[in-house]
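Participant: Encoded as structure tokens, here's the structure I'll be asking about.
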Amino acid sequence: MSTNEAKKKVEDDEEEKKKGGELLFCGSTCWEAVGRRKGVLEGNLVSPTRLRPLVGVDIRFVASGCVSCHCVALDVEGRCYTWGRQLGHGDTIQRDRPTIVSELLKYKIIKAGAGRSHTVVVTEDGNSLAFGWNKHGQLGSGSTRNEIESSPVRCLVSQVTNTACGAEFTVWLSATEGASILTAGLPQYGQLGHGTDNEYNAKDSSVRLVYESQPRPRAIATLSGETIVKVACGTNHTVAVDMNGYVFTWGFGGYGRLGHREQKDEWVPRRIEVFQKHNVLPPNAVVSAGSVNSACTAGGGQLYMWGKLKNTGDDWMYPKPLMDLSGWNLRCMDSGNMFHFVGADSSCISWGHAQYGELGYGPTGQKSSAIPRKVDILEGMHVISVACGMGHSMVIVDRTNVGDRLDQLEIYDGKGSDEGTAVSDTKTSVLKQNNKNGASKTPTSSKKRKKAKDESETEEENSDVESDSSGGHINGEVSGKGRGKGAKKTASVGKGKGRGQGNVRANKSSQSSQGKTSKRGRLRKV
């Protein structure tokens, strides 16, 4: 595809998003229990399901971070809906139903990002607002008050074009010359890109380490000569693409998620060697970051991935093509906590380790999949956008040419805002957890453990990689130790052979009437 064709495709995609579509949700709706070993899990939506408040509403954008227990949706009018936890409604009520953030009605919201417990939005006039937990200054308001901002506050940035959130940090893209990318929040692994992790000893006589937060958004100096046009954040790492198609990564290096053939943390942006010369990213490239992995599409639309892709097997220390999706026209992709969703051609494809039905395979389909598989119930539908969170996923589908198929999907009512669960104790629980095992301190140790990061893997790694085998989780943070010896293996599946679209498999138990299936169960294009 030529550069002009790629640019035209970008424009077409933007026009498509402007008209919006129907939002479908799958995964857990039991927000307080997601990621925890104990607790009753109820209301898992194992098939793509319509949400009552959004039925018929034209949604153009969805956001939910890889360790987020909340969701954000923007409609074509620029209204912002949130549900889950830390929602910006002026209280700490957990909501099961998408609810408009009334304080944002005076703005037209065009972009949004979601972290572990915070949300950042971008307005049409280039301003940014945020709400949620702000212990590490991740809201970019200049404050590090150790409390929840229950209503939107102004971020100290201007001319903002986009945003993305990690667990406890935020990245903004700006049209300001020489400052196209800014960051704020927790710098523990260098994920802010400023050449330091701001680590120091709590006292001269103490080996306890703390990290000085950065509450004011600051431009990344080493990228001052570049114009960053795309960005995605994992739990503690960042992937960015400049206007020339070069890919930069920085932050936590464990499992090879930075793509530099080593597991070293990078405190400043470092360019990935694979995406240079004749393999730079085109203007319509898709970029995604999961909790412990990264992905992007490069020349010819080929999907490359790197990092820890599944609970078993070797990690990919540098970008490698995912041959199962060769030949597919990928329009959108997002990664959650060890699972992935893709919108390609007239199909929706998902794979990875799942616990709550977030892959959307249905009640008779398998729970997890080591290889990409079509979501049968959505076969033949045009996917506009996808987003993945902690135990859930969202898909926006175009209503054009779907007939009455949407009417055949289940509709989830949830609880009204007056029935919502108060989560005022969440902050207390989170603070207690962080005082014990939190990101602002290293676990109790008799000496400084800088070189032991990748061996012991902090609580972030335990919860991200195998959340079903860890100890108690609070807001995605884990109190257990180790890497989870009792982790369940993903469902047994056959090995994909060859290349091209034939490698994406259908669920054996629920074939879609829209797709065509060969004798071997492999899907072809409709």
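Just so you know, glycine gets a Cβ as well, placed from its N, Cα and C.
Found this in TrEMBL, in case it helps:
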type: REPEAT; residues: 78-125; note: repeat 'RCC1'
type: DOMAIN; residues: 86-400; note: domain 'RCC1-like'
type: REPEAT; residues: 126-176; note: repeat 'RCC1'
type: REPEAT; residues: 179-244; note: repeat 'RCC1'
type: REPEAT; residues: 245-300; note: repeat 'RCC1'
type: REPEAT; residues: 346-399; note: repeat 'RCC1'
type: REGION; residues: 412-526; note: region 'Disordered'
type: COMPBIAS; residues: 423-438; note: compositional bias 'Polar residues'
type: COMPBIAS; residues: 456-467; note: compositional bias 'Acidic residues'
type: COMPBIAS; residues: 517-526; note: compositional bias 'Basic residues'
Participant: With helix taken as DSSP H, G or I, strand as E or B and everything else coil, how many residues of the repeat 'RCC1' (245-300) land in each class?
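Facilitator: Helix, strand, coil within the repeat 'RCC1' (245-300): 8 helix, 19 strand, 29 coil.
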Participant: By DSSP, what is the split of the repeat 'RCC1' (346-399) into helix, strand and coil residues?
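Facilitator: Counting residues by DSSP class gives 3 helix, 24 strand, 27 coil.
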Participant: With DSSP as the yardstick, break the repeat 'RCC1' (126-176) down into helix, strand and coil residue counts.
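Facilitator: Output for the repeat 'RCC1' (126-176) reads 0 helix, 25 strand, 26 coil.
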